[in-house]
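Not my notes, these are from Swiss-Prot:
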- 11-25: compositional bias 'Polar residues' (COMPBIAS)
- 356-365: compositional bias 'Basic residues' (COMPBIAS)
- 386-400: compositional bias 'Acidic residues' (COMPBIAS)
- 1-44: region 'Disordered' (REGION)
- 356-400: region 'Disordered' (REGION)
- 52-91: repeat 'WD 1' (REPEAT)
- 98-137: repeat 'WD 2' (REPEAT)
- 141-179: repeat 'WD 3' (REPEAT)
- 182-221: repeat 'WD 4' (REPEAT)
- 224-263: repeat 'WD 5' (REPEAT)
- 266-305: repeat 'WD 6' (REPEAT)
- 309-348: repeat 'WD 7' (REPEAT)
Amino acid sequence: MAAPPEHAATGSEQTDPPETNSEPDLSQPEPADSDADEPVGPKIRETPEDIRLEAIANTVALHPSRDVLVCGDVDGDVYAYAYSCTEGETRELWSSGHHLKSCRQVRFSADGLKLYSVSRDKAVHQLDVERGQLVSRIRGAHAAAINSLLLVDENILATGDDRGTLKVWDMRKGEAFMDLKHHDDYISDIAVDQAKRILLTTSGDGTMGVFNIKRRRFELLSEFQSGDLTSVALMKRGKKVVCGSSEGTVYIFNWNGFGATSDRFAVKAESVDCIVPITDSIMCTASMDGYIRAINLLPNRVIGCIGQHVGEPIEEINKSWDSRFLVSCAHDQLIKFWEISNLQKTTVSDYRKRKKKDGRMKSLTKKALGDNDFFSGLVEETEKKEEEEEEEEDSDSDSD
């Protein structure tokens, strides 16, 4: 950008030569406006830009040590992206079309060098993360479409299918050393304890299954719950197990008390399809209603809304390697990023605050109620005023 006219040199306007006995002009010229001369740099955003896909993504996984994500879609394609908060720098790295039918789940190995995917075509694929090339394939790994996938360790893989069969694989041999069917419907999710000894499965038949990897045997099924159990996660340093359901209820089990629930919590959502632990007490859940909720466990409380895919069912959520972002994919064919670093510092007291009069959730991110920063700012200011008014009312009531 050219310098403004007022900063241009004026020496050419002098017509008379200077006198020989005059003092030299030692004054420094005014510096040019640095803002005017410097090129405008790329915009730095709070979160990476949304990624628009060609088809609905069923699954999204994030690299364990880099700003890279992978998603699998209903066409069977797998895509890898490098994401960045610098505008315009989020880009596709590679794509793979080796699955013949819908890709149901993708997962990185712990070292981030391998990627595993399962599909409705009943196959298990291993891909090279750097190039996206197919390394190995297990055709016909299940008799039915595979729905869920878990990496137990660098060599052990667990898969669950639409008919309720669980298989545990030794990937060094490409063979399953556990092949058990104790569910009457699809296996929706799989989790493992920190000792890598006990596998937990949730199913559309409304039960949670418990399997012992070390002894290679089935242990027990929980009592039946109303509706499908859709997700499972360990909380409270492994002392609690939480299961989401198709009816919007979170069921809570004590560790080693898997037969019956110790507690339950109605989230008032259409469903609780995905659960991602953020801290020992706080988890994020995703629902068919398009909302991502932050929930505190014991005391059981919906803290607020992390974000939403407006009116679109969310398929999966996962957090980034540095726990800065939560990433979601939904039926709007978008992958969205949500800032959650402040959520880790959140504490919930036993005191239950008065519910908002209009029933809406508290927004926990600037994008929670939409991408318009102006209106989201107004929402935040309104919520702060409401909280201050509530605190004043509570203090007045305490003083009476």
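Every residue number used here counts from 1 along the chain in the order it is shown.
The backbone N, Cα and C atoms fix where each Cβ goes, and this holds for glycine too.
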Pairs 6 or more apart in sequence, C-beta under 8 angstroms, 3 or more of them: is that satisfied by the repeat 'WD 7' (309-348) and the repeat 'WD 1' (52-91)?
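Contact between the repeat 'WD 7' (309-348) and the repeat 'WD 1' (52-91): present.
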When secondary structure is assigned with DSSP, how many helix, strand and coil residues does the repeat 'WD 5' (224-263) contain?
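Secondary-structure composition of the repeat 'WD 5' (224-263): 0 helix, 21 strand, 19 coil.
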So which residues does the repeat 'WD 3' (141-179) touch in its own chain, when a touch means Cβ under 8 Å and the partner is 6 or more beyond its ends?
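Here the qualifying positions are 101, 104-111, 116-124, 126, 185-192, 196, 199, 201, 203, 205, 209, 211, 213, 216.
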